[in-house]
Amino acid sequence: MKQLLNSTFIGSTKVPGDKSITHRALMLGALSEGTTYIKDPLISADTLRTFENMQQIGAQVSRVGDDFQVISKGHSALNSPEDILYTGNSGTTTRLLTGLIAGLEHVSATIEGDQTIAKRPMDRVVTPLNSMGANITLKDEKYPPIVINPSNITPMEYHMPIASAQVKSALLFASLFQEGTTVIHETHQSRNHSEIMMRQFGADLKVDNKTVTLNGGKNLQASDVTVPGDISSAAFLIVLALITKDSDITIENVSLNETRSGIIDVLKECGANIEISKKSSDGEKFGDIHVKYTSDLKPFSIDGEIIPRLIDEIPILAVLGVFASGPSTVKGARELRYKETDRISAVVGELKKFGVKIDEFEDGFTVHPGFSVVTDNTIFKGYHDHRIIMMLLVMSIGVNQEIKIDDDSAIDVSFPTFVQDLHKLRKDR
Ligand code: S3P
């Protein structure tokens, strides 16, 4: 880490494939008849759990160099796993898989993850799934293990109480093969990768503003997927370049899906030196992001519709706030309390250790510019949360102070090459 201090970051790079898209490609590949080739997937602790889970229910999933291939005889050929489906640290695997297994109707399975998953609420997917006819039980009616028994699913209309792509996707996965119409209404539009990819694989699905309508009962056909870089991983490099003097980097082929690109809108409002060059694509949009050090960043204030479009970028936006010219505020982000850890409390607690003034609210925070010297005996906490650990590393470089983190191993959940990639871009200042 020490070598990354007093550095500037220059050059072109790529970030690993999008996590959300990789999970969905593996799952839809398993549910479809034929061979699905997944190019440039994210190969990380989280996506390898989905990879193994699909093998356990009978799909032939393999690695071809740095790509994945899924061969399946379709959803009706999938079977009950012999062992528990272990989902590690991955909330997306846990929740989407619950819907997927319920939708197979004939399959029974138990889903369980690590100590962070054990504390994450699963009733948000299980309650609506059970009202569709699923037979799922939880520990204390809320937490994993998730025990799924065979059942009959009946499509329904559902008004989601929270904006969550994981909940929306779990319900869509459960409804894919049932005759009838499933209608899901969202409060704010959440990421739409499931909708885009399900259509690509042959599902009859329409989206009208915040309403998704799926006419189920169609068999899916395998289709190839090229995974763009993950904007949520790129966000750490973008903010690092903005706050370290003379930095100038280009990140190639990053997902620019509008349900994910809220951070770009915020950065433009802050006056960041950032340029986007879009490349054409029928399905998922992507392009290059060119970003340069910006000495006069304006503060930001976010709330409402934009929150789901940047939910995973809020920890790193807090770091940007430390370098802005006035206080920046995040509101309407209560959902952050239910991520890998309570991210509002983790961001506030860890940034305070850098001497940052930050006020905590139930649904967000206000971060003030400025920081002080970190004492030698300060130990930072990673909370087994990849995004908190990467936030701490970027902050440490931004303030030019070496820090000690109790456990930084969770980086491999979404960006296993993060530190190596920083070394490749670094130049002496
Ligand atoms: C994800 C949805 C979001 C996001 C998570 C990935 C997905 O979670 O925070 O990292 O792939 O569907 P919620 O659906 O809980 O908001």
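Cβ atoms are placed via backbone N, Cα and C, with glycine included.
Curation does not apply to TrEMBL; its annotations are automatic.
According to TrEMBL, the feature domain 'Enolpyruvate transferase' maps to 11-422.
Annotation source TrEMBL lists phosphoenolpyruvate binding site at Lys19, Gly91, Arg120, Gln166, Arg343, Arg387. Counting only same-chain residues at least 6 apart in sequence, those with a Cβ under 8 Å from the Cβ of Gln166 (phosphoenolpyruvate binding site) are Gly91, Thr92, Arg95, Leu96, Val125.
As annotated by TrEMBL, 3-phosphoshikimate binding site applies to Lys19, Ser20, Arg24, Ser164, Gln166, Asp312, Lys339. Sequence-distant contacts of Arg24 (3-phosphoshikimate binding site), defined by Cβ-Cβ distance under 8 angstroms and a gap of at least six in the same chain, are Leu96, Ser169, His193, Ser194, Met197. Look at Arg24 (3-phosphoshikimate binding site): DSSP puts it in a helix.
Annotation source TrEMBL lists active site, proton acceptor at Asp312. Around Asp312 (3-phosphoshikimate binding site), the C-beta neighbours below 8 angstroms that are at least 6 residues distant in the chain are Ser232, Ala235, Lys339, Arg387. In the three-state DSSP assignment, the secondary structure recorded for Asp312 (3-phosphoshikimate binding site) is helix.
Ligand 1 lies under 6 Å from the Cβ of none of the binding-site residues Arg24, Arg120, Arg387. Per-site Cβ counts within 10 Å over the binding-site residues Ser20, Ser164 peak at Ser20. Note: the CA-CA distance between Arg120 (phosphoenolpyruvate binding site) and Ser164 (3-phosphoshikimate binding site) rounds to 14 Å.
Per-residue pLDDT, averaged along the domain 'Enolpyruvate transferase' (11-422), amounts to 97 for this model. In this structure, Ser164 (3-phosphoshikimate binding site) belongs to neither helix nor strand by DSSP; it is coil.
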